Amino acid sequence: MDEVAFLASFLPCSFEGFEMSLFSYIATSNNRKMGNLGTLTGVLLVLSLIYLTYIFLPVLITDTSEYIIRMSLGFLLIGMATLFFFRDYPEPRGAFLTAALGITAEGIEVDIFTVSSWIMTGDYTWALIGGILGFMWSLIAFRIISVKFPKRMMKNVAVGLLYTVGFIILTSGLI
């Protein structure tokens, strides 16, 4: 069961870490100090919300709350994508909020995947290790890789992915 718990949280959390890295990249592109502080704050919020997610998971997976979470997250992602499409990267306080809010929004999904793996397999240690390693390795790896590409190209990728994921979340919430 160790492998199942690890993989059930590691694989989906790895994709969420990639999305988190885009928020971190957007925030640090204009103001590195505030963007990094926002990234660190977001990661700490994600880690601290794991236990609360465990407590509130029965409420979070009801149809009504799942619908509200999907709609809120979808509109948040589309709103941020629209903002970044028309404006340049955020100013200092906006850089902090972009990183912290974006990483925390994606981190809610990380927490749900981790706790779901924990409940399904009964192995909390490997589920937590898989979830935390899943989003951390991809967040760090993609942040390191993203500085090697032109700023304009990364902005287009980030905005495109935010729109895509936002519309997917919204349409899955409407069906």
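From the backbone N, Cα and C atoms, a Cβ is placed for every residue, glycine too.
Residues or ranges marked as transmembrane segment in TrEMBL: 6-27, 39-61, 67-86, 95-120, 126-145, 157-174.
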### Query
So which of 6-27, 39-61, 67-86, 95-120 has the most C-beta pairs under 8 Å when paired with the transmembrane segment (126-145)?
6-27
## Note on the structure
Same-chain residues at least 6 beyond the ends of the transmembrane segment (6-27) with CB under 8 Å of its CB atoms are 34-36, 38-39, 42, 84, 89-90, 95-96, 98-99, 101-103, 106-107, 109-110, 113-114, 116-118, 120-121, 126-143, 146, 154-155, 157-158, 161-162, 165
